[in-house]
Amino acid sequence: MGFLVDTQKEGGGHSWGYVRSLVRRKQVDSANGQSHGHQLARALTVPHLVAIGVGATIGAGVYILVGTVAREHSGPSLALSFLIAGIAAGLSAFCYAELSSRCPSAGSAYHYSYICVGEGVAWIIGWALILEYTIGGSAVARGISPNLALIFGGEDGLPAILARHQIPGLDIVVDPCAAILVFVVTGLLCMGIKESTFAQGIVTAVNVCVLLFVIVAGSYLGFKTGWPGYELPTGFFPFGVDGMFAGSATVFFAFIGFDSVASTAEEVRNPQRDLPIGIGLALLLCCSLYMMVSIVIVGLIPYYAMDPDTPISSAFASHDMQWAVYLITLGAVMALCSALMGALLPQPRILMAMARDGLLPSIFSDINKRTQVPVKATVATGLCAATLAFFMDVSQLAGMVSVGTLLAFTMVAISVLILRYVPPDEQPLPSSLQERIDSVSFICGETTSSGHVGTSDSSHQPLIVNNDALVDVPLIKNQEALGCLVLSEETRRIVAGWSIMFTCVGAFLLSYAASSLSFPGLIRYPLCGVGGCLLLAGLIALSSIDQDDARHTFGHSGGYMCPFVPLLPIICILINMYLLVNLGSATWARVSVWLLIGVIVYVFYGRKNSSLANAVYVTTAHAEEIYREHEGSLA
């Protein structure tokens, strides 16, 4: 098909059409991209982004995790556990920084997956993130009233409107406080991004000040008492180095939240500069606070004597500072409020991005003309989260939050590899330009066998190309269809595509085998070997070939570029897959039900209403020419 990207096959029917729809990809938003009507307000700068990142990341978990992880895993080496977890989270942050600056549009990991991988994977990521933010926001809201009760001297001291109540005859405990707070935060978010971010900044500042008080006052007590927590016969690693790493895997989830910054990319004044800085500063500040609090608390009291529920408060109480308990509890409440804002902020933007692409009803894509935020999507998000928070104790579902985040982290790292080695070089054009496309095709001396170019259902790029057949997975064009790629370039892209596939499969096999301790050695060790070999082969191959020249110009050029590619994204993929396979079968069973619902919604609504359903794919080199011809004809 000449310059047109076409892998039309005879036969296959509807089943083949379903497969093709899964791999169609959209372009990075540009001047030629589709108009979205009213736009989001570009009002955010670096301080706003840091406030969003820190507020969404530092929840009340730090006030609890310190005691739990120190008692069960790391002991006095807790600060090192936080450091290792922070470095692991930083790998994902590097990947987010590059993609958010190159593709600065709402939707975060969903948006990047749609551009680099395909519609099917993007839908799964977006659907999983919807679950993550809904349950995450509800769980955070349910945790506020117990902390408020500590300030009021117990649950009996809480006003009736804030206290929990059990419905007579039913095993349901309603939480009015949680629902009220969700509605308050929803109202703030509807007022505008700048107003809601200002409020989050204030709440986050109070939380950070409380943590700084813990660090300063705790250090004073530590030097005064001689740091008894470090003078133990069990040493610095009472559970061994393995315990320290086990602690790192647990506290890694305390760093989840910085990805909320990427969801606001469309509202940042200078995304190419500010997004990488905002993500990096937020993660650095969170890691520093976590480590300093850990150093102080495990030094004030022996790790085995820590209260697993209120480790910081009990540590100060043991040194006759009962009044500090109220201040620390206030910090925990502020942390929960900030985390609630961080959970409810990204979801409307993901709903908006999916609705823009036609995968969800268009009502979610409406942007209020005055406040310049997706008010309808925000209200829908708030209603769902408030209902769950009011009626359900979602603490048992908290593990499902991690699935969405880790899937997003993994896909962002894979997207960086794709962008660097096999970036998409086709663009979807509206079918209204079919006549102009045919005209340019004729001028270029191209001929087609059918007289019309394929639509998106028949036009995508295959990952692996040989002389006999096309394996239809997106990423790479075949040379016959292009007629302009030399063999060496085609070979490079084929090798890169295979290598990325080997890397992902190897990381999964290695993670699964290493985590399956119940497997017989005859199965487990060979599986580890196969996975390790595939992973290493992919890494060596990607390190040995050149990256694609388009990596400098793909998307919005001039932004941040992730260092140490391909090593850094591959390590990121391995870490996230290891954490995913260790979430437990019960968590995966619950998530599978949600994903199955998502598949049904996509098959019966999203696939048919996708904005790419009737798109025509052409190579980037000819897309601009087609647009110029079209604009010239309108002049």
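Keep in mind that glycine also has a Cβ here, set from the backbone N, Cα and C atoms.
Considering the side of the membrane named for each residue in Swiss-Prot, SER101 and LEU275 coincide. Within the chain carrying the transmembrane segment (172-192), a Cβ under 8 angstroms from the stretch's Cβ atoms is held by residues 41, 43, 137-138, 141-142, 144-145, 148, 158, 161-166, 199, 337, 340-341, 344-345, 348, 368, 371-373, 375, 378-379, 381-382, 385-387, 389-391, 393, all 6 or more beyond its ends. Through the fold, the transmembrane segment (109-131) approaches residues 21-28, 99, 103, 259, 262, 346-347, 350-351, 353-354, 357, 359, 400-401, 403-404, 407-409, 411-412, 414-415, 418-419, 423-424, 460, 474, 555, 591, 594-595, 598, 601-602, 606-607, 610, 612 of its own chain, all at least 6 residues removed from its boundaries and within a Cβ separation under 8 Å. Here the topological domain 'Vacuolar' (515-524) has long-range neighbours at 578, 581-582, meaning same-chain residues at least 6 beyond its ends whose C-beta is under 8 angstroms from one of its own. Here the topological domain 'Cytoplasmic' (546-560) has long-range neighbours at 28, 97-98, 101-104, 115, 271-273, 275-276, 419-425, 492-493, 496, meaning same-chain residues at least 6 beyond its ends whose C-beta is under 8 angstroms from one of its own. If you look at the transmembrane segment (281-301) against the transmembrane segment (201-221), you find at least three C-beta pairs under 8 angstroms, all six or more positions apart, and that counts as contact.
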